[in-house]
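Trainee: Below you'll find the structure I mean.
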Amino acid sequence: MRSSTDLVLRPSDEVAEALANGAPVVALESTIISHGLPQPRNLEVARELEGVVRAAGAVPATIAVLDGVPRIGLDEAELERIATEPGLRKLSQRDLPVAAAVKASGATTVSATSFLAARAGIRVFATGGLGGVHRGWTEDQDESADLDTLARTRITVVCAGVKSILDVPATLQRLETRGVSVVGYRTDTFPGFYLTSSGLPVDWRIESPQEAAAVMRGQDALDGPRTALIVANPVPEDLQLDPELHDRVLAEALAAAEREGVKGQAITPFLLGYLVDATGGASLEANLAAVRGNTALAARIALAWSGS
Ligand code: PSU
Ligand code: MN
């Protein structure tokens, strides 16, 4: 039977079948592919992440909007569109109805991906690092829509913390205020995206995918506000970006953004791109190591959640 959401969301046959059977599914976002990683590596990564999910025994559902239609699960040609189409939009949740109306295509951020995944019935989602409160937020109020969506969406997001280009303490504070559950995966310190640790503590620690699934069952049993669960999974220390290089290059990147007046939606892709260039690709490798680890863990959590 088609649910009413089928009228506005189009799951691929494979994802629809998995969901109907209660099989494990992992949502993957597309902004990281289109706006977060350089070409042509981005397409390889899109394919690789789907492979990581499959190897763990789950079904990948990369989410994007194509010609106005939110798509849950993309085929090879559609992944290629996300990775290569010039001028592809970056869509957060608020952009979805507009994109649908004007039949635009765009990649979905953590905000839009979480929203669409939850609507489609997918509970587990993997990304690199969440958006959050930007440095300088007291002046421009730039806080990613990711945080607002996570405060009212029942989804588990596996990430390497929040992007280190942000004001990390302020972002953690906002997550606390908005009631979003945060747990460290086998760590007592909140990860730092490119870095294993942000240097900040995380209040709760879990040790296994089964424990993550138990937290998710607890969320549902308590039946409180439909908040997210953030599973913060650090990049392994031997794969992190050199912390000293990170701090130096990030300071340069922030200064360049200020000088060039980069703001709003453009700031995150600008800073990530600057770091890739200025570290000779080392930040890219750390970012990819984080995303791979998060994707593998998300698949294991999806398996624990589905009981398979
Ligand atoms: N994780 C990555 N790279 C990225 C992103 C996440 O490793 O590029 C994307 C996500 O889509 C996230 C977005 O939602 O960056 C945040 O953008 P903004 O700060 O404009 O909300
Ligand atoms: Mn923003």
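Heads up, the Cβ atoms here are built off N, Cα and C, so glycines get one too.
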Trainee: According to TrEMBL, Lys90, Ser144, Ala145, Asp146 bind substrate; identify which of Val69, Val110, Val124 is listed for that same site.
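Mentor: Answer, per TrEMBL (substrate site with Lys90, Ser144, Ala145, Asp146), from Val69, Val110, Val124: Val110.
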Trainee: Within the chain of Lys163 (active site, nucleophile), which residues six or more apart in sequence place their C-beta under 8 angstroms from its C-beta?
Mentor: Gly128, Gly129, Leu130, Gly131, Gly132, Phe193, Thr268, Leu272
Trainee: With an 8 Å cut-off on Cβ distance to the Lys90, Val110, Ser144, Ala145, Asp146 Cβ center, who else from the chain surrounds the substrate site?
Mentor: Thr31, Ser92, Thr109, Ser111, Ala112, Leu130, Gly131, Thr149
Trainee: Provide, as an integer number of angstrom, the distance between the C-alpha atoms of Glu29 (active site, proton donor) and Ser144 (substrate binding site).
Mentor: 15
Trainee: Among all protein chains shown, how many Cβ atoms are found within 10 Å of the Cβ of Asp142 (Mn(2+) binding site), not counting that one?
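Mentor: Within a 10 Å radius of the Cβ of Asp142 (Mn(2+) binding site) lie 19 other Cβ atoms.
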Trainee: Within a 10 Å radius around the Cβ, which one of these binding-site residues has the most neighbouring Cβ atoms: Val110, Ala145?
Mentor: Val110
